[in-house]
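Read through the structure below, which is laid out as structure tokens, and then see the notes.
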Amino acid sequence: MFLVLERKMRTHQVFPLPLLLVIASVASENASTSRGCGLDLLPQYVSLCDLDAIWGIVVEAVAGAGALITLLLMLILLVRLPFIKDKERKRPVCLHFLFLLGTLGLFGLTFAFIIQMDETICSIRRFLWGVLFALCFSCLLSQAWRVRRLVRQGTSPASWQLVSLALCLMLVQVIIATEWLVLTVLRDTKPACAYEPMDFVMALIYDMVLLAITLAQSLFTLCGKFKRWKVNGAFILVTTFLSALIWVVWMTMYLFGNSLIKQGDAWSDPTLAITLAASGWVFVIFHAIPEIHYTLLPPLQENPPNYFDTSQPRMRETAFDEEMHLPRAYMENKAFSMDEHNAALRSAVGFSNGSLEQRSSSLGKKPSSLGNRPSAPFRSNVYQPTEMAVVLNGGTIPTAPPSHTGRHHW
């Protein structure tokens with residue numbers, strides 16, 4: 001009996017030992033894992049969920065919301081595309097898609113600056129930063145060229161011209177970024193993450209040139225006789241101006257701010273990530289949404305004036321007559337009545353001559369030397385003056401000469 005009890009006590013003392021080992025291992029893993037992240041998360045993605053470094057979560061949320069809004073705008077533009085009837089508003093649709101694609105790339109690139117660096121991530125950062133900004137600035141420059149033509153001439157370039165200009169301008173930055181990676185990584189066999197901040201900024205000089213040209217071009221969109229397109233030019237001006245301010249701030253912070261606050265490279269990635277998210281939202285709010293809204297508006301229809309509406313001011317009769325060029329039936333009726341009057345006089349003369357011939361023949365006299373005259377017409381063919389003829393003749397009706405009986409035939 002005592003042996004059985006002793007064996008049970010030994011088994012109860014053995015079972016807690018593995019459980020304690022498991023708890024100790026879990027505690028050690030929790031100590032090494034950041035707060036807010038799971039146990040199986042790779043170390044390079046810790047900044048996406050680390051509650052101790054809250055900047056990563058905030059920038060991640062802002063970039064994710066911007067990406068969703070951009071996708072929604074692309075979907076709306078794609079669905080409403082068949083209903084766009086205005087030719088001038090339909091031409092830049094492809095350019096809008098290209099701009100939204102570049103903006104979506106900026107929001108996606110933000111995540112590459114939140115996670116930890118490795119060779120692949122650094123190559124993506126160095127290549128896509130300049131290329132995506134070049135795409136957005138090229139689309140803005142093409143849009144500024146289009147609005148300038150609309151403001152001055154009322155017509156815009158063709159769709160393929162706008163897209164071709166944007167792609168050709170972006171291709172220059174693609175070549176620059178490719179050469180930078182090839183010369184530093186492949187030829188010199190340096191790590192992709194081993195680059196100085198000044199080298200990163202120098203590789204973006206072409207983007208700065210595009211931004212400056214776009215800002216200057218947008219100023220000319222406010223000068224022209226077609227005023228309804230100046231709103232588009234004003235939004236382009238605001239977008240480029242805010243983008244220029246963002247670039248001045250991030251380059252100052254990236255090149256000089258970290259050394260002044262003695263943080264080393266600790267704030268380099270947050271600075272670049274915040275720049276991408278802020279630039280993307282500026283593009284969405286101040287350019288993409290207004291342009292898509294203006295593109296989807298119904299075409300303007302000029303309604304004819306309601307002449308029975310007493311609330312409208314009266315139009316001048318002289319101006320209305322001069323603008324409409326109404327046909328004047330009065331002159332035509334007057335000419336017609338004058339012809340009728342002449343025909344009546346000729347009939348009266350013919351009737352008098354015929355009466356004289358009859359009287360001379362009854363008296364045995366020879367007819368006069370005036371020749372034969374037509375006889376008097378029947379009463380059914382006698383001229384009957386109209387009301388218009390009476391009005392034009394001053395209210396008097398021409399009468400025929402009296403016959404030999406003394407009565408008028410009319």
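Note: Cβ is positioned from N, Cα and C throughout, glycine not excepted.
According to the topological domain annotation in Swiss-Prot, D50 and R152 sit on opposite sides of the membrane. In Swiss-Prot, the entry for phosphoserine among S355, S360, S368 corresponds to S355. Two recorded stretches are said to be in contact when at least 3 C-beta pairs lie under 8 angstroms, sequence spacing 6 or more; the transmembrane segment (235-255) and the transmembrane segment (127-147) meet this definition.
For the topological domain 'Extracellular' (29-56), the mean pLDDT of the prediction comes to 71. Within the chain, the transmembrane segment (57-77) has long-range Cβ neighbours (under 8 A, six or more residues past its boundaries) at 36, 48-51, 93, 96-97, 100-101, 103-104, 107-108, 110-111, 114, 270, 273-274, 276-277, 280-281, 284, 288-289, 292, 295-296. No contact links the transmembrane segment (95-115) to the transmembrane segment (200-220), because fewer than 3 Cβ pairs that are 6 or more residues apart lie under 8 A. Long-range Cβ contacts of the topological domain 'Extracellular' (186-199) within its own chain (Cβ-Cβ under 8 Å, at least 6 residues beyond either end) map to 117-120, 122-123, 126, 180, 254-255, 268.
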